[in-house]
Amino acid sequence: MPGPRWSSLGMPLVSEMLSQIAARDIANDRVEHTVRVLNILSLTFASISILSTLLALYWFGRMRRSFRHELILLLVQSDCLKSMATVIFPIVTLVRGEIRSDSAFCQASGFVLSVGIESADMAVLLIALHSVMYLFRPRSGLYPYRHIAYAVFYLFPVTTACLAFIGGNGYENVGHYCYLRNDLGWTRLSLSWVPRYIVCVSIVAIYAFIYIYIRKRMGDYGRRHSEVWQQRTPRGSHSTPTTCRLFSRGRLPSAASSRRTSAADTISALKARHGSASSTSAVRPLDPRASTEV
């Protein structure tokens, strides 16, 4: 009789194990479906980003550029590099299936994506530095230090991306792209988030300084302009309108009616002068000698 007892005791264990396996399979199917959807979305929007950046590169290549345009062009190139990394990885995943984290393709894709992200941050920071230096060096800005700026733009992202390989494989598959490993703890924090926070705080501080500085200078200019105007205009005096001064000085032509009136006034004045002259000559006194002779 021990057989049925053991079988009755083992049935719940077997059913529980089967339910766990089924739940695990359902969870895996959901994860695979989620990853597939993420890969499709990443491929779609990254393709749109690549087309946009290629169009921007085309127009920047045709236009006459300044140094600010060169910095913006660096930012566009960085975005194009990121978009290429997020396009190629989903295509390979959809074609060949899941990519292992220790594969060379995942390491190369993560390296390119990390370089693109860090170079974009550096480009935005250089644009902000050029803007603030342009206030004090209006004709040059950051241009005299362009070689240092280019060196920082290219060397810093490559250096931070290479430091991820200190502990072996530096990148892992996170679903729809490969990026810095999260299990080591220090790589993603020190090579990605800390530099990004520093860049973000620096950009906010730079543009806040630009806003405060320009607002203060505009206020000073307005006060100086009002003081100069008050010094030129005496107190209690009323300035004559410009049109009145021009009319009074004869700089503007008068109307036809005014010309006729002035001509009539001139003629009457001449007649009055002529009449007064003739009357004066008519009442002129006689010669005393003539009166004596008579």
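These residue numbers are counts, starting from 1, taken along the chain as shown.
Backbone N, Cα and C define each Cβ position, glycine as well.
Cross-referencing 247-270, 271-294 with TrEMBL places the feature region 'Disordered' at 271-294. Taking Cβ pairs closer than 8 Å, the transmembrane segment (40-60) reaches residues 69, 72-73, 76-77, 79-80, 82-84, 86-87, 89-91, 94, 176-177 in its own chain, all 6 or more past its ends. If you take every residue in the domain 'Glucose receptor Git3-like N-terminal' (37-220) and average the pLDDT, you get 90.
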